[in-house]
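What follows is a short report on a single structure.
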Amino acid sequence: AILAVLASLIITANVLVAIALLRLIHKSGSKGLCFVLNLAVADAMVGFTVMGLVMDEFSQPFCPPQIFCVLRMAFVTSSSAASILSLILVACDRHLAIRKPFHYLQMVTGLRVGTRVVGVWLVAAIIGFLPVLSPAFQMVSHREKCSFFSVFQPAYMLTVFCVGFFPTLFLFVYLYCDMLKIASAHVQHIREVEHAGLAGGCPPSRTISDVKAMRTVAVLVGCFALSWLPFFIASIVQTACPGCFPYKVIENYLWLLGLCNSLLNPLLYSFWQKDVRLQLSQLAAGVKRRVL
């Protein structure tokens, strides 16, 4: 029941944010918002794939064949990987906007945005469906429930965690630290100019946008680490030492915590981004007028 409610909230929140982003992209023509839209689509896909697991739960007793469980968990893994990789695209886009603001519009073109988005989904599909392409990563299990530890070999789990998650987390930290250094240099320059009496008391709009971008990325990085880090650490311990940690705790609690990241992402963007909030309010007002 908890998984069903969580999946429904993930789908609803991300679909609403995706609609608001589509309206905003249509009005402003901003290419960078396409990365945020891709993040919302990936998180919505997480909700849809998890809803399949919910249907399996409510249809107990359920004894699916091995290939069914492998495909089911491959879709879940691919959508989760696409969500995490989309977060990297958003962070890299904000980093580029802060580091090279005068060349940003020339560098972020429609072709490059489309290429990066397609590349993210291809990499996510390879990560998720690698056990399907290589049966050596599959585990023969007699459990009735489809889960990561019942269909995937520990070698595959360790590969995904060590090659995928931790480099992503380190990249997030590097991008944020670099943006913090750039913003600190901007603030120092503004203070020098103000001290020389060459500027007014109001900070430039670019500095304000830099601070907002840093704040958004910092919150995303923090929520990503808090949501997924316990699951990945416990999973590594489980794969290295199967008897040291109960896998049911990982599947029933820590994995749900990781899924909450797909719900937090749209909520964070709708809260921190004024334009997204405005589009959501206009969308709600339009629905209210149609209903009344």
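We number each residue from 1, going along the chain as drawn.
Just so you know, glycine gets a Cβ as well, placed from its N, Cα and C.
No curator has checked TrEMBL annotations; they are predicted automatically.
Taken straight from TrEMBL:
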- 6-25: transmembrane segment (TRANSMEM)
- 13-269: domain 'G-protein coupled receptors family 1 profile' (DOMAIN)
- 32-54: transmembrane segment (TRANSMEM)
- 74-92: transmembrane segment (TRANSMEM)
- 113-134: transmembrane segment (TRANSMEM)
- 154-177: transmembrane segment (TRANSMEM)
- 213-233: transmembrane segment (TRANSMEM)
- 253-272: transmembrane segment (TRANSMEM)
Checklist entry - By Cβ distance under 8 Å, which residues at least 6 away from the ends of the transmembrane segment (32-54) in the same chain are close to it? => result 3-4, 6-11, 14-15, 17-18, 21-22, 24-25, 72, 75-76, 79-80, 82-83, 85-87, 89-90, 93-94, 97, 104, 108, 113, 116-117, 120, 124, 146, 259, 262-263, 265-266, 269
Checklist outcome for this item: The mean pLDDT across the domain 'G-protein coupled receptors family 1 profile' (13-269) is 79
